[in-house]
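Below: the structure, in structure tokens.
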Amino acid sequence: MELESNTTGRGGGGGRGMSKSTKKVLLIVNCILLSLGSACGPLVLRLYFLKGGKGVWISAGLETAGWPFVLVALLASYLYRRRTDGPGPEPTKVSFITWRLFLASAVLGLLTGLDDYLYASGVSYLPVSTSSLIIASQLAFTAVFAFLLVKQKFTAFSVNAVFLLCLGAGVLAMHASGDKLANETKGQYFMGFFMTVGAAVLYGFVLPAIELTYSKARQNVTYTLVMEMQMVMSLFATLFNVVGMIFHHEIQTMPKEASEFELGKVGYCMVLIATALVWQCFFVGAVGVVSCGSSLLSGVLIATFLPVTEILAVFIYHEPFGAEKAIALVLSIWGFISYFYGEYKHTKKSTHTSE
């Protein structure tokens, strides 16, 4: 699979970027990764708290702590390029990210770290069903910021999709108060509620900001460059939460927390690893969909799979599944179909015009 093609040789800083066929394949792969992370991420994160975990900063850091997996993918990409380039006067380029993009990625990473903390705080107080429905409102914020930052063009189908997906979240919100956990105060419930809303607003801004960064890159945005930027973002997001862990003494309490964890020490480690891996799938998929599609498409996919999380929570955590969740699921599927039918018609029209 072609990840980048240098027009100026192996030492050059340019490249033709991704071909259309490569872009389609990568879009499908990243949609799968994003779908997996969107559906399973909240479940594994909630499992940490349900089984005795108490570290909000720990759980926030875990959301991006899987960045070394990206490093492995980048190493494989480098070895592939070196093998296909063959011998030459200049060495194969190790990295494509510039200092300008590195700094932009670092800032986006710090914002992502803050978003992770807000979301982890909300999940610690709210059941999966409630936190998921609040996060679904992120699509509305993504649409607004995409219009303001990258001049996202809307069709009747995309507007309909945003409306239906947000309506599904609203239907669930009408029943949210009945999901308050046992032994939880109203203050804790509302703290979790507003923290999760804050996470939805912030990540609704981050996705279009990433798309804006790609458009202002002043170089060809290859998939390898996308992965390099994602690794930097995840690294700085993790560092942000590690600082919080240190100041709140959560690192020192990890051995005690592991010994008291309901699933045992091995189970504790497995939950941490699974959380890092699943959420890295989410973030890699999110930036990949932004680079191969758009920030709005990324937001649509995240909102679409939240009802799937609701259904999984019913079977795994025995959370109630009422009529409002069934309605929200139908609305999400309807919105999903509406968006992609609009994209299909747009692509068909563009192809017909070019001919």
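Cβ from N, Cα, C; glycine included.
Note: TrEMBL annotation is automatic and uncurated.
Summarising the annotation, TrEMBL assigns transmembrane segment to 25-49 (among others).
The transmembrane segment feature in TrEMBL is assigned to 55-80 (among others).
Through the fold, the transmembrane segment (101-120) approaches residues 45, 56-57, 59-61, 63-64, 131, 135, 195-196, 198-199, 202-203, 205-206, 209-210, 213, 217, 225, 229-230, 232-241, 244, 283 of its own chain, all at least 6 residues removed from its boundaries and within a Cβ separation under 8 Å. As annotated by TrEMBL, transmembrane segment applies to 101-120 (among others).
Feature annotation from TrEMBL assigns transmembrane segment to 132-150 (among others). Cβ atoms under 8 Å from those of the transmembrane segment (132-150) belong to residues 42, 119, 122, 126, 162, 165-166, 168-169, 172-173, 176, 193, 196-197, 199-201, 203-205, 207-209, 211-212, 215, 294-296, 298-300, 302-303, 306-307, 309-310, 313, 328 of the same chain, restricted to positions at least 6 beyond its ends.
Taken from TrEMBL, the feature transmembrane segment applies to 157-177 (among others).
If you look at the transmembrane segment (189-210), the same-chain residues 6 or more away from its ends with a CB under 8 A from one of its CBs are 108, 111-112, 114-116, 118-119, 121-126, 130-131, 134-135, 137-142, 144-146, 148-150, 152, 176, 180-181, 229, 286-287, 290, 295, 298-299. For 189-210 (among others), the entry in TrEMBL reads transmembrane segment.
The annotation transmembrane segment is assigned in TrEMBL to 231-248 (among others).
Marked as transmembrane segment by TrEMBL: 268-289 (among others).
Annotation comment: TrEMBL describes 296-317 (among others) as transmembrane segment.
Positions annotated as transmembrane segment by TrEMBL: 323-342 (among others).
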Pairs 6 or more apart in sequence, C-beta under 8 angstroms, 3 or more of them: is that satisfied by the transmembrane segment (25-49) and the transmembrane segment (323-342)?
no
Most Cβ pairs under 8 Å to the transmembrane segment (268-289), of 55-80, 231-248, 296-317, 323-342, goes to 55-80
For the transmembrane segment (296-317), out of 55-80, 231-248, 323-342, most C-beta pairs under 8 A are with 323-342
Looking only at residues six or more beyond either end of the transmembrane segment (55-80), which have a C-beta under 8 A from one in the stretch?
3, 41, 45, 48-49, 92, 94, 109, 112-113, 116-117, 119-121, 123-124, 224, 227-228, 230-231, 233-235, 237-238, 241-242, 244-245, 248, 250, 253-254, 257, 272, 275-277, 279-280, 282-284
